[in-house]
Structure formats: structure tokens, C-alpha cells
Amino acid sequence: MQKLIIHGGKPLEGSINISGAKNAVLPIMAASILTNKLHITNVPKLTDVSTMKDLLRNHGACIRIIEHTDEFELIINTTNINKFTADYEIVRKMRASIWVLGPLLTKYGKAKVSLPGGCAIGARQVDLHIAVLKSMGAEIEIEDGYINASSKGRLKGTHFIFDKVSVGATINAILAAVLAKGETVLFNCGREPEIVDLCYCLIKMGADILGVGSSTITIKGKDCLNETSYKVLSDRIEAGTYMFAAAITKGDVKICGIDYNIIENIALKLIETGIKVVQINNGVQVTYKGKLNSVDLETNPYPGFATDLQAQFMSLMSISSGVSMITENIFENRFMHVPELCRMGADIVVRGNKAVVRGVEMLKGAEVMASDLRASVSLILAGLSTNSKTVLHRIYHLDRGFQDLEKKLSNCGANIKRV
């Protein structure tokens, strides 16, 4: 099994180009079911993207891949969709597989999707996905580990209030509503940039969507959607991760190819810690200024601080001067990286959904194990900050969400290699 060997202690210096957003491209790929052909550019080279390709092919899609140095183009032809079951063997690898449920159901009137897998960071139930589709007239049962959904005729527009903000359920609802009969109004929606990007893609396909980027989205269903091409937005989670990498290594790095508006909350949090963050033409420059202050953090739905960056921020706070309180409001089991950070000398105590982080002068290298995607990269950041050797095991998590991570870090001076 592969592992990463990290020799820390070198400030990162240089520039890093940000890849396409995993959490945007996956629902956009699922949206290809709604039309006959979709041409997607700025697609990151990730195992989750490969899993979604396998899933779409399993349903009968034909996918042409055009490979470039830093990205893929995908041309997805779905005119021959002929299978409506998303099998466990594929779905277990990635929770985002559930996003084929809405498109299959709204276009073909039937879908059978295995209950999803992915990172082990909490329950992340499918209740809201099922509830909103039922409100559109779907008949849904869970049998033998599968969501079995059907509709008599087209799905119907609905007014639906999510009882809590759910990115995944918002996406499935939008994907179903664009071909439903009549008007759908969704309340308490997720507002994440990746949801906005999906909506812009659907609008380019001919969908009628109002309220994009707000908590209330209105959709007037169409009989069909058009073929189109679409460029996926850049990954704010990847950008934030490298911003923290610059800070934790006391470096000076330009993060390029990212819209400042979608990383502003990350930049402001870093500035609060004493790190210099300057907006540049196509991104930000992050510079260590001699001190790292402890600050508190709460994760919340966008525009709040992303849960996908909580572990990375905790690594940074583990070498700050003072005590910080990190509160995880999204997932109930997202502190699994804490024991591994403590193996490296971090002083962290977890109390329910809160972690008290007492900064230490320096972490020390150790053999550590990744429990999920974001935890894996938080341990890499921790390893980069040490003056010794860190070995990270179970790095297959990493390849689900970070393209060319070793190359991007090495180009900025990091000593990191995969063996």
C-alpha cells in the first residue's frame, strides 16, 4: 500500500495553480443524464471523478476523455441510458453517487440507487433527499440497502422546506426539479459556490432557475434540456488547504486561478491569525509575518467556514501561540484526525463537537494514518511544519480530492514523495 514520506522544516515559496472543484464537477457530471450531451472542461484528475465516470458508464453513458497536462475534458453522451440501477460496488466508493437519483427519476421515472459510501465522517443520512423527491410525487422505498424510486408520469413541482441546510439534498432536488412539471420552490437551500456552479451549468442547458446563490431557489420545470459545454469553477477547498500550507510552513505562496470571492472567508480567518493575505490578479498571496495567533473557529454552511477545511485549520492552530476552540457544527464525527495530530505532539482535547487546541512550539514527525480525505491533508500540513520525518499511511483517501498534491507542494520547495 502506498504512503507519503514528508521531511518538514522548509518554508513553501512559489505559486500553486488550483484545479477544478471536485464538489462542483461531480453533480455537473450527474446532470449530464438530463440532456443528450454535455462537454465539461477544467475537470480535475481525481479518483472520485473516475468513480463518477464508471457510474455513468454503468448506466449506459458514452464518455470521451480529452487529457491535458493539468485537467481533463469530458464529453458525456447520455442518449443511450439503459440501466437505472446504481450498484453497491460503485456507490460504496463515493457518497456523491446519490446525485444520479434525481436525474434518473425525473427523466426516466425510475431509479434504484444503493445507499452511499464515501468518507467515514458522520451519518449524513439520505432522509432529506427522499423527503423532497416524495414531495414531487415520487414513490420511494428503501429495500435491501437500496433506494428504490419511481414516479407515475413526470415529477411535479413542489414547495419544500429543508429542515436543515443540506448541500447534497439541495443538489438532488435541483437536478430533479429542472424537468419536473410546474414550479418548484426550495427553501433553506445550501448556498455553496458548487451549488451555484451547478445552477449556472443547468441554466446554460436551458433550465429556468431563479434565486441562484440564495437560500430560496425557484425552478420552473422544462420538457427537456439542451446540449452545452461548461467550465467547472476552481476548488476553494484546495485553495484554502494550500493557503494554510503556506502559513504553517512560515512560507510565501501565491495561490492562483481562484475567485477571491469564494475564498474571502478563508482569507479573513487567516488574517485574524496574523498571516498576511493579499488579493492578487487571479488569486491571493499568503505570507507568514513572524507570529501565528490562536483564534476560535466554527464550521457552518456557506458563507460560513467550510467543514472541509476544519482539519487543516486545526493543524495550523496546533502550533499557534495560545488556545483556540474549534467547533464542528456540520458532521458529528469529524475529529478523527485529532489522535494522529496528538501523536505528532499536538495538545488537543475533544469535548463533544468542540476541540480545545493549545498551541505548541513545534510538532514532531511520526508515523500517522489518514482516516478520511480532509484528515489526510491536515496530517500532511502538520508534517510539513516539523523539522523531522513524517510517514502518512492510507493515502488513497488523498487521491479522491487532491490532484497532483505532491507535485504542487514539491514545486514550492516541500520534501514529499510517494512510495
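Cβ atoms here come from the backbone N, Cα and C positions, even for glycine.
Residues or ranges marked as phosphoenolpyruvate binding site by Swiss-Prot: K22, N23. Residues or ranges marked as UDP-N-acetyl-alpha-D-glucosamine binding site in Swiss-Prot: R95, K164, V165, S166, V167, D308, I330. According to Swiss-Prot, the feature 2-(S-cysteinyl)pyruvic acid O-phosphothioketal maps to C119, an assignment based on sequence analysis. The active site, proton donor feature in Swiss-Prot is assigned to C119; the stated evidence is sequence analysis.
Shown here: features listed in Swiss-Prot, placed on the structure.
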{"residue": "K22", "record": "phosphoenolpyruvate binding site", "DSSP class": "helix"}
{"residue": "R95", "record": "UDP-N-acetyl-alpha-D-glucosamine binding site", "DSSP class": "helix"}
{"residue": "K164", "record": "UDP-N-acetyl-alpha-D-glucosamine binding site", "DSSP class": "coil"}
{"residue": "D308", "record": "UDP-N-acetyl-alpha-D-glucosamine binding site", "DSSP class": "helix"}
{"residue": "I330", "record": "UDP-N-acetyl-alpha-D-glucosamine binding site", "DSSP class": "coil"}
Response to the item:
For R95 (UDP-N-acetyl-alpha-D-glucosamine binding site) and N23 (phosphoenolpyruvate binding site), the CA-to-CA distance in whole Å is 11
Response to the item:
Spacing of the two Cα atoms, K164 (UDP-N-acetyl-alpha-D-glucosamine binding site) and N23 (phosphoenolpyruvate binding site), in whole angstrom, works out to 20
Worksheet entry | Candidate binding-site residues V165, S166, D308, I330, pick with smallest Cα gap to N23 (phosphoenolpyruvate binding site) | D308
Worksheet, complete the sentence: Sparsest Cβ environment (other Cβ within 10 Å) among binding-site residues N23, S166 belongs to S166
Worksheet item: Highest CB neighbour count within 10 A among the binding-site residues K22, R95, K164?
Response: K22
Worksheet, complete the sentence: I330 (UDP-N-acetyl-alpha-D-glucosamine binding site) and K22 (phosphoenolpyruvate binding site), compared by Cα position, are separated in whole Å by 19
Discussion item. Under 8 Å between C-beta atoms and at least six apart in sequence, can you list the same-chain neighbours of V165 (UDP-N-acetyl-alpha-D-glucosamine binding site), or say none if there are none?
Written reply: N188, C189, G190, S215, P301
Worksheet item: What's the CA to CA span in angstrom from K22 (phosphoenolpyruvate binding site) over to D308 (UDP-N-acetyl-alpha-D-glucosamine binding site)?
Response: 12
Discussion item. Say we define neighbours as other CB atoms within 10 Å of the CB. Which of the binding-site residues V167, I330 has the fewest?
Written reply: V167
Practice prompt. Quick one: give me the count of other CB atoms within 10 A of the CB of D308 (UDP-N-acetyl-alpha-D-glucosamine binding site).
Written response: 25
